[in-house]
Each structure stands twice: as structure tokens, then as C-alpha cells.
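J.: Relevant sequence annotations retrieved from TrEMBL are reproduced here:
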BINDING   36, 37, 38, 39, 40, 41, 42, 62, 122, 145, 146, 147, 256  NAD(+) binding site
BINDING   109, 115, 147, 181  substrate binding site
DOMAIN    31-173  domain 'Lactate/malate dehydrogenase N-terminal'
REGION    1-24  region 'Disordered'
């Protein structure tokens, strides 16, 4: 999607007098629902998903403000039909028939606020939305963006278990922004083309639980241990960097929307049978002794086709892996406890 989507966009906008066909107009009909579409992440995410030719119907839902967002985005001359829904009474209609549901709903992080400070508000929102997903589109692939992902994904799993609809292959915590940041920061330090960079990021999606595996990065670069440590720290603190730069006026919304669109595109490609679609995601896992863990995942027609192992780790990464486990375990347990409250 990174280049192909933008290339197709450029082709269409450069031929002002003609309507060019999509390369994927023969692709299956796919409905994507965005829950929280009027928010800071939701609006740019709605735009990016409108540009994706794999989407035939795009349902935009929020508690308020969605008719305006839907009207705005609907004027863009791409394949998908836009439907806007506002208020809890319209949530069911937004979800019915969805193949992929993306959840950026919730409050953003503000300066001085930890991801745990977000917990009570966002946990309740995710619990409520997942209850509706279980009722109206129980077989959809669910992409959870709402923080803290380390807790909201376990909450979602427990809601689905209670409803009798849980399928661990169809629930994802979106950690793609950690990968996007790791690629960007690595490319800058290694002086390589960022478009060619691959960096797996494992663990969780908050602070020290984020573990970029720079020893596995390609193209390889001879970086010092100090440089690797600095890159790791910057990747872990990327969200804080943006919160502080925005000086109380927001969090990482644009880069998160991009990352969310990348991961949703991967899910759609997997559903459509494209082979070897691999992205990192926070999923139910046996890769470690923790019940949920982010690692590389092969996506397919049923969601998760295979959760891939960690591969060879450097000593620094092995230490990081052990160091992140207590915090990640605690966050997972916190989510499960909240779901049963």
C-alpha cells in the first residue's frame, strides 16, 4: 500500500478529464468500518481508507461529527461508497456486514499523561464497542488502535469470549506505528533508503514493552551499541516525542492514521488471498509465556494464518525481552480484570 496506493492516487489525479479504472476494481467487495471516525486519528484514517481501492464500502462511526466527515470524504473520486453514522443507536448499522473494523475511538494522550491514565476512559469505550461488534459483525477482523493497546486487546478478547464469538485469529492490536517509527529512525541513522528498510518490532505497544529488533534490520548497517540503544529508546518514546512537540494540543494522530491504514490494507490483502502478507501485530500468542505478544504475523483469508517466532536476538534484545515481560504481563492482566468487572 505504501507506494502502490499513492501511485494509483497520482495516476487518477493527473488525468483530470478522464476517469481511470482501478487496478483492483475486480477485487471482492469489502466493507471497512471505522469506529471513532470523527476524532484526531479517525479523520485522517478515513481519508486514507477512502484512497484504498480494496475498500468498496467505508462506514464512518462516531458519537458525533461523522455526517460532516462522511460528506467531506465522500466527494473523493475513489471506489468506495461512504456511509456516515452518529450516535449509539446507529452503531449496529455501521457494523453490519463489515469485513474489517478499525477502532481508533477514545481520548488522546496529553502531556504528563501515561498510557495508564487513559485506561479507564478508553477501556470502557473499547468494551462497549466490542460488545456491539460481537452482535453485529462477529466474523470481522478487528484492528484495535485505542490505547493502551496492551490492555484494550485483552479486554476485547474477553468481551468476545463472553459473547461466544471469540476467534483469536481475528483480533489484532495495531502496533504498526512502532514499526513505522523504527524504520524511519533506523534509515536516518544508517543512511539507507527508508523504502527498503525492514525492522521487526515485538513485545507490546507502550514504552519499554516496545522492542525493535534492529539486529534483524535490513539493509544491515554497522551501528554501534550506543546507536542501537539510542534508536531503541527513541522508538519506545516516539509517542511522547510527538505529545511534547504538540505542546498539549494533541498526540500522534497523523502518523498513527498512516500506520493504521497500512495494517488495515494488509488485513484486506490477506482476506483477498494475497500470499505472504506479513506485518507485526499484538495478538494472542505462544511465542513467549505471555498470552498476548506482538511479533510478525502472516495474514490470510481467516486473519492470522501464522504467528511467527522472534528469530535470533542480540544480547541487548534478549535483555530487553526479559525486561518488558513484567510490565506487559501486568497490562494484560489489568485488561482482563477490567473486562470481568
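Here the Cβ of each residue, glycine as well, is placed from N, Cα and C on the backbone.
Have a look at these and tell me how they're positioned relative to everything else.
T.: For residue 146 (NAD(+) binding site), the number of other Cβ atoms no farther than 10 Å from its own Cβ, over all displayed protein chains, is 27.
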J.: Cα distance, residue 122 (NAD(+) binding site) to residue 181 (substrate binding site), nearest Å?
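T.: Cα-Cα, rounded: 24 Å.
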J.: Pop the Cα-Cα gap between residue 147 (substrate binding site) and residue 42 (NAD(+) binding site) into the table, whole Å please.
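T.: Cα-Cα, rounded: 14 Å.
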J.: For the C-alpha pair, I'd like the distance in angstrom between residue 38 (NAD(+) binding site) and residue 147 (substrate binding site), rounded off.
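T.: Roughly 17 Å, rounded to the nearest whole number.
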J.: How many neighbouring Cβ atoms, not counting its own, are there within 10 Å of the Cβ of residue 147 (substrate binding site)?
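T.: Result for residue 147 (substrate binding site): 26 other Cβ atoms within 10 Å.
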J.: Between the Cα atoms of residue 122 (NAD(+) binding site) and residue 147 (substrate binding site), what distance do you get, rounded to the nearest Å?
T.: 7
J.: Quick check on the domain 'Lactate/malate dehydrogenase N-terminal' (31-173): DSSP residue counts for helix, strand, coil, in that order please.
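T.: Across the domain 'Lactate/malate dehydrogenase N-terminal' (31-173), DSSP assigns the residues as follows: 62 helix, 28 strand, 53 coil.
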